[in-house]
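Visitor: Please see the structure below; I have some questions.
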Protein chains: 2
Amino acid sequence: MSRIGDENIVTSAASSRRRPESLPQLHSVGRPEKQTIWQDLGHTFKETFFPDDPLKSFKDQPASKKFVLGLRAVFPIFDWGRQYNLAKFKHDVIAGITIASLCIPQDIAYAKLAYLKPEYGLYSSFVPPLIYAFMGSSRDIAIGPVAVVSLLLGTLLSAVIDPDINPVEYTQLALTATFFCWLGFLVDFLSHAATVGFMAGAAITIGLQQLKGLLGIKKFTKDTDIISVLKSVFSQAEHGWNWQTIAIGVSFLILLLIAKYIGKKNKKLFWVPAMAPLTCVILSTLIVFVTRADKHGVQIVKHIDKGINPPSASKIFFTGPYLLKGIKIGAIAGVIALTEAVAIGRTFAAIKDYSIDGNKEMLALGSMNIVGSMTSCYVATGSFSRSAVNFMAGCQTAVSNIVMSMIVFLTLMVITPLFKFIPNAILAAIIISAVINLVDIGAVVLLWKIDKFDFIACMGAFFGVIFISVEIGILIAVCISFAKILLQVTRPRVALLGNLPGTTLYRNIQQYPAASTIPGALIVRVDSSIYFSNSNYVKDRTLRWLADEEELNKESNLPKIQYLIIDMSPVIDIDTSGIHALEDLNKSIQKREIRLHLANPGCVVMTKLHDSGFVDVVGQDNIHLTVGDAVRACNRKILEETA
Amino acid sequence: MSRIGDENIVTSAASSRRRPESLPQLHSVGRPEKQTIWQDLGHTFKETFFPDDPLKSFKDQPASKKFVLGLRAVFPIFDWGRQYNLAKFKHDVIAGITIASLCIPQDIAYAKLAYLKPEYGLYSSFVPPLIYAFMGSSRDIAIGPVAVVSLLLGTLLSAVIDPDINPVEYTQLALTATFFCWLGFLVDFLSHAATVGFMAGAAITIGLQQLKGLLGIKKFTKDTDIISVLKSVFSQAEHGWNWQTIAIGVSFLILLLIAKYIGKKNKKLFWVPAMAPLTCVILSTLIVFVTRADKHGVQIVKHIDKGINPPSASKIFFTGPYLLKGIKIGAIAGVIALTEAVAIGRTFAAIKDYSIDGNKEMLALGSMNIVGSMTSCYVATGSFSRSAVNFMAGCQTAVSNIVMSMIVFLTLMVITPLFKFIPNAILAAIIISAVINLVDIGAVVLLWKIDKFDFIACMGAFFGVIFISVEIGILIAVCISFAKILLQVTRPRVALLGNLPGTTLYRNIQQYPAASTIPGALIVRVDSSIYFSNSNYVKDRTLRWLADEEELNKESNLPKIQYLIIDMSPVIDIDTSGIHALEDLNKSIQKREIRLHLANPGCVVMTKLHDSGFVDVVGQDNIHLTVGDAVRACNRKILEETA
């Protein structure tokens with residue numbers, strides 16, 4: 001293979017040395033062939049929704065093959081299932097048992113966060129993981145209810161229907177929201193920064209709410225902001241706290257935290273924190289059962305239904321006033337659920353080097369929740385803590401989810417009645433020890449270091465959640481995230497370029513202090529597409545550079561600026577407002593006898609400049625492939641004029 | 001001046017020929033000095049709000065000088081006034097008289113569009129132009145009420161208070177909206193395309209509404225959509241139409257249109273259409289007065305107050321339920337008013353080559369409306385038709401606005417009572433002939449030709465206005481405009497680059513079909529900043545290019561891809577989600593034994609890549625100044641490995 005780079009410098013330089021005055025232009029600025037509007041729209045649609053071209057493998061295949069391929073595309077299990085073997089199965093069984101032992105106590109606890117009956121948590125760990133195993137593309141994710149989504153659902157739903165007064169309709173609304181949670185999958189609304197802040201805020205909110213269970217308080221606020229919660233806690237300090245409950249709760253919480261610490265210190269002992277919750281549940285339930293502590297004010301689960309998920313399709317509100325509310329709540333919960341699941345999937349996929357197909361994931365997560373809503377499940381997604389355990393336990397495929405699901409099935413069929421003696425305090429302790437991980441101080445520090453704006457978005461979400469409410473926290477985070485994008489588009493940088501000594505390159509003089517400006521020419525680069533929202537700004541900013549530079553030149557007796565060269569490399573698109581701004585700019589500088597040159601406009605920009613006739617206004621000769629070419633052309637003209 | 005471009009090619013090429021294996025790297029990718037967060041914020045704030053650095057001239061000046069400069073900055077009249085002379089004054093007087101004769105009938109007509117009493121139109125042509133003359137920076141704009149803003153105000157205000165039932169509160173709300181219309185100045189919400197569509201839709205809506213006056217219909221809908229209006233017109237066809245009214249209205253409308261045609265054919269006869277409305281008003285009023293046609297069902301203005309603007313500061317709602325509505329309506333009307341005024345100012349400034357200062361214009365337009373709201377004026381802005389007449393009549397400075405204002409003052413003091421015999425039909429005819437210009441079919445055709453998305457935004461606004469309502473039309477236009485920006489940011493292009501034969505340049509192979517890809521390396525360019533909203537898309541799209549290319553290579557037995565080079569030139573900014581995506585991408589390709597190289601990251605990106613430690617992950621040596629450098633480095637490594 002030839003060393004293209006070096007050779008070409010030589011060629012072009014040699015020719016430029018031989019006839020420097022009439023350097024042949026090897027290439028003019030390209031302009032792609034015009035497409036019809038339908039080709040254009042089709043292309044845009046495909047690029048917008050399918051970065052990965054899902055139908056590619058279907059091309060030129062017979063119908064039967066297409067069916068098989070389609071089946072495999074929707075149900076990846078038919079794809080990876082063919083390579084499945086006993087060795088993998090052994091690993092999956094071990095991982096499945098481990099995550100089942102972790103999920104059963106968590107399910108019961110999280111259902112309470114969503115103000116649902118405890119069995120709904122278990123239901124949601126039975127059906128959705130089964131569906132996901134067939135449709136999902138992650139091998140490591142553990143599906144089921146999660147703390148943050150449960151909190152979010154609980155808050156949003158209880159603002160519409162009081163779960164204590166009207167538990168039946170409340171559950172129906174929860175199922176409706178679950179049915180529609182795929183709506184939240186439609187857009188990437190949340191930045192990483194916003195998610196970090198939101199999760200930390202939600203973790204603290206959830207943790208504080210658990211003081212209710214941990215301290216045995218009976219009357220407790222439904223508001224989630226830190227001030228209401230702390231008021232609730234301390235106003236009950238004298239008579240509301242139950243000391244037996246506190247003894248059980250705090251001692252087991254300490255046990256759980258120690259188990260967590262052991263798992264963190266020695267990765268091989270990951271099963272210690274994984275098994276700890278179930279162990280604590282069993283121990284504490286035995287203690288309560290033996291001492292009958294429930295007669296001394298220790299609150300217990302009391303009632304939990306036996307048997308698997310009852311069908312619930314008929315309970316979903318498809319009409320009536322609650323339909324819209326259900327859709328809205330579902331979409332909000334869906335945003336969080338999807339963000340979490342995809343983040344988990346990608347994290348582990350990157351570690352094991354396989355790829356997660358974004359569209360298939362959405363299909364899988366959406367389908368499992370739609371089916372879930374018809375089988376008495378509430379919103380399920382990927383749980384970070386359980387997925388990590390799944391991974392460390394050596395899971396190979398989504399079969400570990402099937403194993404977990406089967407154990408939950410057996411639990412529902414056989415032993416749920418025994419769960420009624422579980423003290424609420426132990427559930428609170430389990431939740432607290434689970435959500436602690438969601439506060440990721442390291443990530444916040446990194447945000448501060450890397451990107452102050454991201455840090456602000458993170459803090460906005462965090463304080464929004466803990467001081468106002470979870471939904472306001474999300475709203476703040478989304479607004480800040482999008483405001484940043486819009487600000488950047490509305491107020492792009494317009495950089496001054498200079499020549500890097502010894503090269504034909506022109507770079508931002510702020511970034512490269514060695515770069516020197518060219519006498520007689522001003523070179524600017526517009527660092528954004530030019531739209532209506534920034535076109536006037538770009539024009540004004542460029543004229544200001546021009547005025548500044550002319551003043552400087554006057555002070556130091558340098559030649560007058562005769563050429564304005566705009567580097568269009570980062571200008572990907574331009575709209576009609578943008579073209580008008582360029583026209584205005586051109587008129588303004590023409591009056592001052594300054595000529596406009598453009599360098600390196602892209603595909604779309606070039607097409608539009610042609611269609612609008614602006615190419616003829618500037619002159620085809622004044623549009624160059626590189627800034628270097630433009631400077632050369634200007635210098636040649638200056639020489640010709642002085643000669 | 002040395003011919004930097006050519007010489008440097010020679011230098012660098014010569015050195016590269018001598019020792020091609022160890023080409024010295026002249027420059028490494030720059031990383032600007034770290035600024036403190038306050039410096040950073042201060043700089044961002046300044047660049048965001050003041051592209052033109054308004055305080056520049058204040059630097060290093062004594063306090064007295066600063067005061068004078070400040071006075072001149074806020075009141076440009078003290079600046080240009082010093083060069084004012086009699087010759088200019090003569091021109092301004094002629095222009096002022098011309099626009100006064102045009103504005104007086106228009107004012108009365110437009111006030112009716114806003115459901116206000118006719119004298120409010122005249123009030124608004126007295127105070128605001130005076131204020132503007134002192135504060136504004138355009139020399140050609142003619143200030144006063146305009147048709148579209150009047151229609152918009154009328155529609156929005158009458159949805160809150162019925163002007164027939166409660167005219168006093170209605171007027172108060174109009175003044176409140178006027179007081180707050182500066183709020184609409186804050187952001188550039190409307191693209192050129194949206195404005196074109198909105199204006200055309202509003203013009204047709206206004207024109208159709210005038211059928212009421214032109215046909216002498218008494219019962220007429222307040223809805224502005226085309227269907228309600230046409231229903232209103234034809235349901236009254238049998239008994240509601242007044243034939244005397246139609247005779248007067250239609251004949252004068254034809255006269256006005258002929259005058260317009262004359263002015264268009266021969267630019268020197270611009271005064272014909274300018275004087276026509278007043279002439280028609282005088283003639284028709286005389287006819288009505290002589291024939292007492294008002295006794296035969298021809299509707300007339302009936303009542304118009306004599307005397308100048310009464311003070312109205314106490315009438316503005318600064319408290320109560322109408323305050324918020326007033327703010328909202330004011331902001332919406334302000335958006336349109338500002339867009340129109342700034343567009344007019346810039347158009348004429350470009351023709352005469354002076355510059356409009358965006359911030360000063362906002363200050364002037366805002367101040368004149370605040371003062372206006374306290375002196376019984378409603379929202380005033382720049383009128384396109386009157387500004388054009390002003391320009392053609394040879395105005396030199398904003399003094400023509402003062403002259404116009406004085407004539408309106410005299411009119412208010414002396415002759416308003418005579419206006420009571422003006423037939424409504426002539427006002428309708430004047431409005432129709434004025435708004436016809438707002439339908440700019442040429443601009444729509446150009447939009448279709450240049451930018452299909454802009455065309456859609458334009459049509460959205462147009463059909464929104466004529467089929468639903470003016471505010472929905474604006475809303476549709478704003479949404480489409482912003483959706484486009486967000487779509488472009490969410491789904492940026494990821495282009496495949498190839499080498500332009502005979503150069504070291506790498507360009508999009510779609511735009512430059514001559515460009516050829518480099519065996520063993522894939523070069524892509526990300527055409528956008530990388531944010532949370534596109535980071536996963538960029539990653540997936542890049543991996544798809546990689547997969548596509550690897551497949552192609554396999555088919556044609558080309559060497560395996562060993563290097564992925566990302567051209568970061570258009571990547572202006574990156575956030576933490578973006579850095580994570582790069583990290584994931586790097587992990588993915590490392591597993592396939594592909595090395596990542598970056599070319600030409602900018603200031604901000606380089607800083608963030610450093611802070612996040614990603615530079616160390618990729619390796620400082622693998623970040624290059626140009627794609628050419630990156631290719632050279634990769635080729636060298638390939639050679640070393642084969643050697």
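Each Cβ is built from the backbone N, Cα and C atoms, and glycine gets one as well.
Bear in mind that TrEMBL entries carry predicted annotations, made automatically and left uncurated.
Values in this document were obtained by computation on a predicted structure and should not be read as measured data.
This is the feature table in TrEMBL:
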DOMAIN    A:511-634  domain 'STAS'
REGION    A:1-26  region 'Disordered'
TRANSMEM  A:141-161  transmembrane segment
TRANSMEM  A:173-206  transmembrane segment
TRANSMEM  A:241-262  transmembrane segment
TRANSMEM  A:269-290  transmembrane segment
TRANSMEM  A:329-351  transmembrane segment
TRANSMEM  A:363-381  transmembrane segment
TRANSMEM  A:401-419  transmembrane segment
TRANSMEM  A:426-448  transmembrane segment
TRANSMEM  A:460-483  transmembrane segment
Visitor: I'd like to know if the transmembrane segment (A:141-161) touches the transmembrane segment (A:460-483) in this structure, counting it as a touch only when three or more C-beta pairs sit under 8 Å and are separated by 6 or more positions.
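Guide: Per Cβ check, the transmembrane segment (A:460-483) touches the transmembrane segment (A:141-161).
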Visitor: Is the transmembrane segment (A:269-290) packed against any residues at least 6 beyond its ends, judged by a Cβ distance under 8 Å, and which are they?
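Guide: Long-range Cβ neighbours of the transmembrane segment (A:269-290): 98-99, 101-102, 104-106, 248, 252, 255-256, 259-260, 262-263, 298, 300, 389, 392-393, 418-419, 421-423, 425-426, 429-430, 433.
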Visitor: Any chance you could find the range in A:173-206, A:241-262, A:363-381, A:401-419 with the most Cβ pairs under 8 Å to the transmembrane segment (A:426-448)?
Guide: A:173-206
Visitor: Under the DSSP assignment, what numbers of helix, strand and coil residues are found in the domain 'STAS' (A:511-634)?
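Guide: Counting residues by DSSP class gives 62 helix, 21 strand, 41 coil.
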Visitor: Are there residues at least 6 beyond the ends of the transmembrane segment (A:401-419) whose Cβ is under 8 Å from a Cβ of it, and what are they?
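Guide: Residues 92-93, 95-97, 99-100, 103-104, 107-108, 118-119, 122-123, 125-127, 129-130, 132-133, 141-144, 285, 301, 304-309.
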